[in-house]
Amino acid sequence: MSSYLGVGVSTGIVPVNHDTNAKVFERRIKITELVLRCVILGLGVLAAVLVGTDSQVKEFFSIQKTAKFTDMKALVFLVVANGLAAGFSLVQGLHCIICMVRGRALLSKPLAWAIFSGDQVMAYVTVAAVAASGQSGMLAKVGQAELQWMELCKMYGKFCNQVEEGIVSAFVVSLSMVVLSCFSAFSLFRLYGDHKLKNVNW
């Protein structure tokens, strides 16, 4: 704004650097995603190892009985689901690191759809695995009097304790996968927004 004398007059408005804000926002998103994928990788492997290597031998009337995770299909599902989630998170974590190093924030639509679909599938699979193994674990712990199912954890205490630790780790994995699926949904659908960022470099 100028006066009639031609002298510039300040309006008191300070320009805001939207590019800088966008860069900071994108970097925080990627760092959070990378942290979550590292959590899934670590705890997914931990859950699979805890449950997959768990066994306990008991002797009944000179007959040895071994409790293994393969005796319960829900635990087999849990091991497989967490192994898949850990492997998928390893690949996507490396992709996040490459994007951060190259300074690329936005994805192409086909790649964004692929990551979104993968995260959605892994979220459903891990949640289902935790639900199934949790239900089986409760039956093994408290039994079912109406069906005359015994409380197996009273006989295989060590086995049940280790399985419980694995289920807790898997539960954290499933929660992290649900959060990640929200992140990937945001990354995908903002590509179709009216105010999407055309290009953001770090």
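Keep in mind that glycine also has a Cβ here, set from the backbone N, Cα and C atoms.
TrEMBL: automatically predicted annotations, no manual curation.
The feature domain 'Casparian strip membrane protein' is assigned by TrEMBL to 27-174. Per TrEMBL, the feature transmembrane segment maps to 34-52, 72-99, 111-132, 167-189.
Between the transmembrane segment (167-189) and the listed ranges 34-52, 72-99, 111-132, the one holding the most Cβ pairs under 8 Å is 111-132. DSSP assignment over the domain 'Casparian strip membrane protein' (27-174) gives 117 helix, 14 strand, 17 coil. Residues of the same chain lying 6 or more positions beyond the ends of the transmembrane segment (34-52) and with a Cβ under 8 Å from any Cβ of it are 69, 75, 78-79, 82-83, 85-86, 89-90, 92-93, 96-97, 100, 133, 162-163, 165-167, 169-170, 172-173, 176-177, 179-180, 183.
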